[in-house]
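Chemist: I have a structure I would like to understand better, so I am pasting it below and will then ask my questions one at a time.
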């Protein structure tokens, strides 16, 4: 039975509190100037902040609810969801960057896909995990989180690791795209600079030898 109540430590309270207040302030700033900065990236950032704030709140609440088995199980499940969603929103940011670099960004369609990836995928993983385990392992007598026994923790570690791996791949692709574009731009600038230095406009070519002889 969950007969112990563990209060959050001062360090945990300060850490989660400062993090949440900072992110909340960032959201308020973004909302106040939304008409000027409205973009897909801003939407992603706000959703990411909301997932972290929710995680921080559940961490603090969960430390005091270990005696209530039902509530502790719910907190563990939602904490699983919000932790995964924070990873997925980072993945969404990487995806958005790739779409922007490749010029394939379409607001209405992509925004729905962003929301499905940021919130829908974590919800699907948690739903499958809860259904498969019948919520066994969500919440322990010591903390309201996934149990270290039975391998349930891999329901978080596995998807999180996959997201990190995909992020790395997308990051490499975006970097290669940017480098290739910069290289093309540099070549054009070099050609233009060389033409100016020689005193020949880029739009005019010097006369050929055959025309001069003729």
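From the backbone N, Cα and C atoms, a Cβ is placed for every residue, glycine too.
Keep in mind it's a predicted model, so treat the numbers as computed, not measured.
Just lifted these from TrEMBL, have a look:
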type     : residues : note
DOMAIN   : 8-181    : domain 'G-protein coupled receptors family 2 profile 2'
TRANSMEM : 12-31    : transmembrane segment
TRANSMEM : 43-62    : transmembrane segment
TRANSMEM : 74-92    : transmembrane segment
TRANSMEM : 113-132  : transmembrane segment
TRANSMEM : 152-175  : transmembrane segment
REGION   : 195-214  : region 'Disordered'
COMPBIAS : 197-214  : compositional bias 'Polar residues'
Chemist: Tell me, roughly as an integer, the mean pLDDT over the domain 'G-protein coupled receptors family 2 profile 2' (8-181).
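Modeler: Average per-residue pLDDT within the domain 'G-protein coupled receptors family 2 profile 2' (8-181): 88.
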Chemist: What residues in the same chain, six or more past the boundaries of the transmembrane segment (152-175), come closer than 8 Å to it by Cβ-Cβ distance?
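Modeler: For the transmembrane segment (152-175), the far contacts come to 80, 83-84, 87-88, 90-91, 94-95, 97-98, 101, 122, 125-126, 129, 133, 136-138, 146.
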